[in-house]
Each structure stands twice: as C-alpha cells, then as structure tokens.
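Note sheet for the following structure.
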Amino acid sequence: MGATIISPTFLSAYLLLLCLVCSLKEGYALGRRATVAESHHLEHSHTIQVSSLLPPSICSPATKVLDKKSSLQVVHKHGPCSQLYHHDKANIPTHAEILLQDVARVKSIHSKLAKSLGSTKVDQTDAANIPAKDGSVVGTGNYVVTVGLGTPKKDLTLIFDTGSDITWTQCQPCAGTCYKQQDPVFTPSLSSTYSNISCSSTTCNSLASATGNTPGCSSSACVYGIQYGDSSFSVGIFAKEKLTLTSTDVFDDFLFGCGQNNQGLFGGAAGLIGLGRDKLSLPSQTASKYKKYFSYCLPSSASSTGFLSFGYGGVSKFVKFTTLTTISQGTSFYGIDIVGISVGGKKLPISASVFTAGGSIIDSGTVITRLPPTAYTALSSEFRKLMSQYPKAQPLSILDTCYDFTKFSSVSVPKISIFFRGGVEVPIAAKGILYVNTISQVCLAFAGNTDDTDVGIFGNTQQKTLQVVYDGVGGKLGFATGGCP
C-alpha cells in the first residue's frame with residue numbers, strides 16, 4: 001500500500017491549529033502566573049483607603065461590651081474620646097513634638113539600661129534637687145484610664161505605663177507647683193481612708209528601686225520623687241489609700257505618691273499608673289487577686305477606644321505566648337526576645353545575633369518601635385522597594401521613610417510581622433505600620449537605634465488593635481489580633 005500524502009492545504013491548516021493551541025496554552029500559563037503573582041501581592045499587603053488615614057474628629061467608641069468587672073476603658077489622651085482633649089485642645093502637641101518627646105523617653109530608657117541605677121536623695125519642697133539623671137528616668141505614655149481614689153471615691157484620669165512602677169497623682173496642698181489637670185486635684189484631708197507612710201518604714205525604703213531615688217523625710221512622712229525622660233517630675237508624700245478600679249474591684253491600703261510638686265507634659269492627666277514589674281507597681285500590689293495578670297488593647301486611632309483588663313477574664317482564646325525576659329539594670333521593664341521580621345510575606349535575612357546584642361523590651365509609653373540599625377536598614381530597604389510606585393515625602397523627625405498619598409484614593413502597603421521567641425508571629429495592623437502627619441507625609445512607623453547594642457523597644461504604634469497579655473507569675477507575654485477596633 002503506498003504512503004499517504006498529506007495535502008499542502010491540510011498541512012497549513014493543521015500547523016495553524018497547532019500554533020493557536022500553543023498560543024492559548026502560553027496565554028493561559030502567563031495569565032495564571034499573573035493571577036498567582038497578584039494573589040500573592042494581595043495576600044501580603046494591606047489595601048488602605050487614604051481617607052481613613054486621618055482619624056475623625058468625633059469619638060467612635062468600641063461597640064464590644066467590656067467585662068465591666070475588671071476592665072477599664074482606654075483612650076488616647078490627645079483624641080476626641082478623652083475628656084483631656086476637650087479640656088485643653090489648644091495645647092495638643094504636633095506630631096513632630098510627640099516624636100521629640102518619644103526621642104527623650106527612648107534616650108532615658110537606654111541610659112537607664114546602660115548603667116547602674118543612680119540614687120539621689122529627695123527633698124519634698126525642692127524638686128530641682130532631683131537631677132535630670134539618666135539613671136532615674138523613664139518617660140510617660142499616651143493612653144489614659146479612669147480610676148477612683150479615696151473615700152468618698154474621687155475619679156482620676158491617669159496615664160498607664162508599663163515602663164513605670166510607682167502610681168501617683170497630684171494632691172492638695174501644692175507645696176511647690178501643680179500643672180493644669182482636667183479632674184479636680186485630689187485632697188487627702190477629705191478622704192477617711194488616707195494615711196501617710198512613715199519615713200522609718202521598710203515600705204518607704206522600697207521606693208529606691210521603683211523611682212531610682214532614695215526617699216526623703218518630712219515631719220516623719222516618707223517623701224518620694226521621680227523624674228521622667230521629658231524632664232517632667234513628681235515629688236510628694238508616699239501614702240496609702242483605697243483604690244477603686246471598678247465597682248467590684250476595690251483595694252485598701254494601696255501605696256501611691258501624693259504629688260505636691262509636679263511639672264510636665266502629662267496632657268492634663270491627674271498622674272500616672274505604674275504597670276511595671278517592681279513590687280510597688282499596680283500588678284504587684286494587686287497580685288493576691290489578679291496574680292500579676294493583665295491585658296490591654298490600644299485602639300487603631302485616637303478616635304476609638306480600647307481596654308485595660310486585670311485578671312484572666314476576657315482574654316482571647318487565640319492568644320500566642322512568648323517568654324518574658326529580664327533586662328540587666330532594668331528589672332522593672334518587660335523584656336522580650338525578637339527573633340525576626342517579615343515584609344510583604346518575605347522573612348528578612350537578619351542574623352539572630354543582631355537582635356540579641358542589645359535585647360528588647362515591650363513598652364506602652366514609647367510611640368515608635370526602635371530596632372537595631374542593622375534590622376531597621378533591612379526593613380526600610382525592603383519596604384521602600386515594595387512602595388516604589390508612590391512619591392516620596394520629606395522625613396518627619398526620626399521617621400525617614402515617608403510618602404505623599406495626595407494623588408491616591410487607596411494605597412497598597414506591604415504587611416509587616418514581628419517574630420518572637422517560641423515561634424510567635426505577630427502581624428502588625430495596617431494602622432500600626434504607618435505614622436500619619438498629613439496625607440502628604442505618611443511614614444513607616446519604625447526607627448533605628450544608634451547602635452545594635454542599644455535595647456530594642458516594641459512601641460505602642462505597633463501594638464494597636466492587638467490584645468497584649470502580661471502573665472507576670474507565669475513569665476509570659478501574649479498577643480492576639482483583633483483585640484479592639
């Protein structure tokens with residue numbers, strides 16, 4: 001039988017069909033690759049409406065009902081949910097001023113951790129005697145809660161700070177000066193449960209570790225003094241009083257500072273609650289009830305509300321724990337081990353030794369997270385690469401990676417995660433990645449330390465919307481996403 005000869009017309013048509021099939025396959029493969037790349041991009045980035053970057057000027061409190069039994073509402077002291085904001089709008093600091101105060105706080109923390117704690121004798125009537133000594137300073141924070149003090153109870157709005165130990169409020173009479181505060185100044189003579197601590201008591205002597213200053217004595221009453229990183233200070237009588245956290249959680253003989261000479265940038269708050277690890281801190285003084293267990297959630301913006309809860313109630317079942325460590329010379333701070341960072345789904349090639357050189361702490365009062373410069377350079381470099389489609393803007397104080405979003409209605413920002421010891425990945429909320437001055441100046445909300453051996457600080461901007469859980473007895477720190485809006 002002779003070989004079959006394919007006609008030229010059929011051959012041409014067949015070859016054309018083959019080419020068409022090849023093209024379709026190639027097109028499908030290209031399309032699939034593009035779809036995979038696009039889904040990878042969407043999976044590892046936040047799409048943010050530019051209009052949502054600036055917080056509204058009205059308060060939108062969280063709708064989630066708190067466990068009222070042991071929870072306090074948290075608000076930003078400069079936002080519309082705070083009475084302090086309405087009390088003194090004219091003196092709300094600019095973002096540049098807030099960041100300068102943050103620099104002062106971080107410097108003071110680094111100085112305190114870099115050398116032995118200095119000790120200074122305190123004089124009740126002369127606050128100038130408390131030197132601006134690096135060994136005795138930490139800073140104040142941005143978030144406030146309201147508690148009751150005395151009998152009858154007087155409500156006071158206080159800054160809460162995990163980097164401080166002693167709780168204090170301004171008191172009448174002001175022997176020196178008292179700054180302007182929103183609440184009436186506490187008057188101990190009108191409370192039936194107030195009493196001074198004697199300067200010869202062991203309780204008085206315990207002030208040295210909590211304040212960095214040796215206590216003084218005035219008419220046999222114990223005198224405390226503490227100075228903060230921004231040169232704010234409080235000096236007064238160390239005393240005990242009834243503390244009312246909630247209607248059901250009341251503590252007799254709570255040790256606190258009754259400040260008679262106070263100056264500083266407290267934003268109209270009546271004083272400060274110390275949530276540190278010293279025995280005079282609030283978690284330590286209430287340990288018989290709460291077992292040094294507390295949690296908080298800082299809201300995504302100054303126009304919303306968060307919470308501060310004591311005890312085991314209300315803790316997310318999805319919380320992931322890492323181990324708390326102790327920083328030498330800074331036993332009051334909550335030490336943590338950062339082991340890595342990812343940007344846009346990619347783990348940055350940073351050696352573990354970069355993070356261990358100085359160690360790290362978590363701090364509710366530091367605004368911007370501070371990283372070892374080696375780690376920050378890797379983070380900002382990758383972030384800039386993924387944000388190359390947006391025009392750059394001028395740096396804002398310590399923030400050097402800034403963008404102008406004025407011509408955009410929405411932007412795509414790479415996701416960032418911080419990794420802690422024990423395989424704990426903490427994804428940073430979209431509002432925790434950016435620090436917004438104006439729409440034309442939106443910055444990456446991280447900064448580098450001067451040296452890799454400086455202690456790293458996990459700051460409050462990056463903690464936004466996370467439920468952060470402190471287990472002092474168990475020596476653990478936990479994180480859960482979606483703690484508050």
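Glycine too: its Cβ is placed from the backbone N, Cα and C atoms.
Sequence annotations record features per position, and here TrEMBL assigns active site to ASP161 (among others). Cβ-based neighbour count (10 Å, all protein chains) for ASP161 (active site) stands at 26.
Annotation comment: TrEMBL describes ASP363 (among others) as active site.
According to TrEMBL, the domain 'Peptidase A1' annotation covers 143-480.
Residues or ranges marked as signal peptide by TrEMBL: 1-29.
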(message) Please report the Cα separation of ASP161 (active site) and ASP363 (active site) in Å, rounded to an integer.
(response) 8
(request) Tell me the Cβ contacts of ASP363 (active site) under 8 Å, same chain only and six or more apart in sequence, or just say none. (result) ILE109, THR162, GLY163, PHE333, TYR334, ILE457, PHE458, GLY459, ASN460
(request) Mind looking up the mean pLDDT for the domain 'Peptidase A1' (143-480) in the predicted model? (result) 95
